[in-house]
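Student: Below you'll find the structure I mean.
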Amino acid sequence: MSLDIVILAAGQGTRMRSALPKVLHPVAGNSMLGHVIHSARQLQPQGIHVVIGHGAELVRERLAADDLNFVMQNKQLGTGHAVAQALPALTADTVLVLYGDVPLIEVETLQRLLAKANDQQLGLLTVTLDDPTGYGRIVRDEQGRVTAIVEHKDANDAQKAIKEGNTGILALPAARLADWMGRLSNNNAQGEYYLTDVIAMAVADGLVVATEQPHDAMEVQGANDRRQLSELERHYQLREGRRLMAQGVTLRDPARFDVRGEVSVGRDVLIDINVILEGKVVIEDDVQIGPNCVIKNTTLRKGAVVKANSHLEGAVMGEGSDAGPFARLRPGSVLDAKAHVGNFVELKNAHLGEGAKAGHLTYLGDAEIGARTNIGAGTITCNYDGANKFKTVMGEDVFIGSNNSLVAPVEIKAGATTAAGSTITQAVEAGDLAVARARQRNISGWKRPEKIKKS
């Protein structure tokens, strides 16, 4: 069975009170529409058709991809009208309709729904709620068969008492769609063309409407305002937390933990409070992450330790290495096994060999640092001349004294030592000691300046 997916994303979202189109508002670092597209792709359809309207150019710009067909809805005349705009592009056997502001829908739920759809049967996703206010109601006959969907504003009191609501997500035979779209009417309280009216048409045409429900009602929750958006965010984070804990992660507090990307984890991982994981993060076995850390597009090898208040981006921490507290690893930073980066150390495009150490108050940029080398406190690599970047190379077993300025390009060879307070501008040969500072001069009888007395 071939599949086309239509995603409705044309709404303005006035209750968001924002210049940003509603579907571009983020949940967990990705737009709501981005989440829906991600789920759609996992179903491997032959086409994904995104119906856009308000803020169309910005939506297209943010999400443009070769596998997406953007369809313009110039006037927002209802969900049925929106689907009709995509009709000329639909060639598959089945059409699945999704919504750009319903980001938490699970792929497994959609797979169960699609399994119920064929040329003689619609698949309709419904949800049972204690308070279904705002939802269209699922009307069934005495045998429990779905006969129609009545929108909330058009429902009578008896219909409003129904607890089963329409999520709007449905799978239907493409061969019938054009006929049903042509028969839609806007004779209703909203003056719109409701997609839900095809349910009654399908029943009248002798088709069966088979229903499916999500495991969790939050899967089908949309966001019309900032409060609902925050509810989706928190539910997403708790869901991700449960997923990670099921894989062997200890979260000190799942309510104070955020995932904003794709995270893969090993076993016996410990993550403290207020940790944010962004982009693609790989965490291997026995890793420990302290509180208040931000980790983005980073790999943490087995047994690595990230201490409190550290910020890592585009970095790789080797097996048994550690960083922090208050460490910053910028893109291109690599720590080999058992390397150590302490508090208030910043790395950028720097590679620390196995067992190398930079304990505190240090900046290392564009640097290659050999195994077991020790970097003293207050050391900086002077890697930028205002126009170009240059590299600092340190061999194995180098000892850099405190408060050194290493003016790149420069090489300090294996086993060399630099004295505290040195400004190193020339190569230091293997095993040598480099002293590059002014000789101390003591002045006897020195008197400190005195404040000038005001008259």
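Just so it is clear, glycine is given a Cβ too, placed from its N, Cα and C backbone atoms.
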Student: Name the residue, out of ALA377, ALA414, that Swiss-Prot lists for the same acetyl-CoA site as ASN383, TYR384, SER402, ALA420, ARG437, please.
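Tutor: Matched candidate out of ALA377, ALA414, per Swiss-Prot for acetyl-CoA with ASN383, TYR384, SER402, ALA420, ARG437: ALA377.
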Student: Counting each residue once, how many in the region 'Linker' (227-247) are helix, strand and coil under DSSP?
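Tutor: Taking each residue of the region 'Linker' (227-247) in turn, the totals are 20 helix, 0 strand, 1 coil.
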Student: Report, as numbers and ranges, which residues of the same chain sit near the region 'Linker' (227-247): CB under 8 Å and 6 or more residues beyond its ends.
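Tutor: Apart from its flanks, the region 'Linker' (227-247) reaches 16, 25, 27-28, 32, 103-104, 218, 221, 254-255, 257-259, 263, 265, 267, 269, 271.
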Student: Per-residue pLDDT averaged over the region 'N-acetyltransferase' (248-455) comes to what?
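Tutor: So the average pLDDT across the region 'N-acetyltransferase' (248-455) works out to 98.
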Student: Between ALA420 (acetyl-CoA binding site) and ASN374 (UDP-N-acetyl-alpha-D-glucosamine binding site), how many Å separate their Cα atoms?
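Tutor: About 13 Å separates the two Cα atoms.
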Student: GLY100 (UDP-N-acetyl-alpha-D-glucosamine binding site): which of the recorded positions ASN224, HIS360, ALA377, TYR384, ARG437 is the nearest Cα neighbour?
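Tutor: Comparing Cα positions, the candidate nearest GLY100 (UDP-N-acetyl-alpha-D-glucosamine binding site) turns out to be ASN224.
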Student: Under DSSP, is ASN374 (UDP-N-acetyl-alpha-D-glucosamine binding site) part of a helix or a strand, or is it coil?
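Tutor: DSSP call for ASN374 (UDP-N-acetyl-alpha-D-glucosamine binding site): strand.
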Student: When you rank ASP101, HIS360, ASN383, TYR384, ARG437 by Cα distance to LEU8 (UDP-N-acetyl-alpha-D-glucosamine binding site), which of the recorded positions ends up on top as the closest?
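Tutor: Nearest listed residue in space: ASP101.
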